[in-house]
Amino acid sequence: MSSGGLLLLLGLLTLCAELIPVSSRQRHRDCDKPPDKGNCGPVRRAFYYDTRLKTCKAFQYRGCNGNGNHFKSDHLCRCECLEYS
């Protein structure tokens with residue numbers, strides 16, 4: 001990863017941490033649902049939260065009719081689904 005990419009990632013992580021205080025953070029309501037790849041559109045890489053492993057994992061998402069446990073990046077998945085207790 002280039003230094004510009006690392007700086008961007010660091011900035012996003014900082015922004016996520018600063019905008020939402022840890023004590024008041026609530027998880028996305030669909031984080032506990034199993035991954036659902038959907039059934040239409042082109043296949044693209046997305047991320048879902050794995051409740052058993054307590055981490056975000058990549059999967060193939062088809063763009064519609066899935067549940068809300070899909071995110072465009074690992075970072076967004078972690079921001080929305082990691083437990084803050």
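Glycine is no exception: its Cβ is also placed from the backbone N, Cα and C atoms.
Database features, via Swiss-Prot:
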SIGNAL    1-24  signal peptide
DISULFID  Cys31-Cys81  disulfide bond
DOMAIN    31-81  domain 'BPTI/Kunitz inhibitor'
DISULFID  Cys40-Cys64  disulfide bond
DISULFID  Cys56-Cys77  disulfide bond
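Of all the disulfide-bonded residues listed here (Cys40, Cys56, Cys64), Cys56 has the Cα closest to the Cα of Cys81 (disulfide bond). The local packing around Cys81 (disulfide bond), expressed as other Cβ atoms within 10 Å of its Cβ over all shown chains, amounts to 23. Cys77 (disulfide bond) is surrounded by 24 other CB atoms, counting those within 10 A of its CB over all protein chains shown.
For Cys77 (disulfide bond) paired with Cys31 (disulfide bond), the C-alpha to C-alpha distance reads 9 Å. Other Cβ atoms within 10 Å of the Cβ of Cys64 (disulfide bond) number 9 in total over all chains. Under the three-state DSSP scheme, Cys31 (disulfide bond) falls in the coil class. In the shown protein chains, 9 other C-beta atoms lie within 10 A of the C-beta of Cys40 (disulfide bond). Here the C-alpha separation of Cys64 (disulfide bond) and Cys31 (disulfide bond) works out to 17 Å. The Cβ of Cys31 (disulfide bond) has 19 other Cβ atoms within 10 Å, all protein chains considered. The two recorded residues Cys31 (disulfide bond) and Cys56 (disulfide bond) have their Cα atoms spaced 10 Å from each other. Looking just at the domain 'BPTI/Kunitz inhibitor' (31-81), the mean pLDDT is 94. Distance between Cα atoms for Cys56 (disulfide bond) and Cys40 (disulfide bond): 23 Å, as a whole number.
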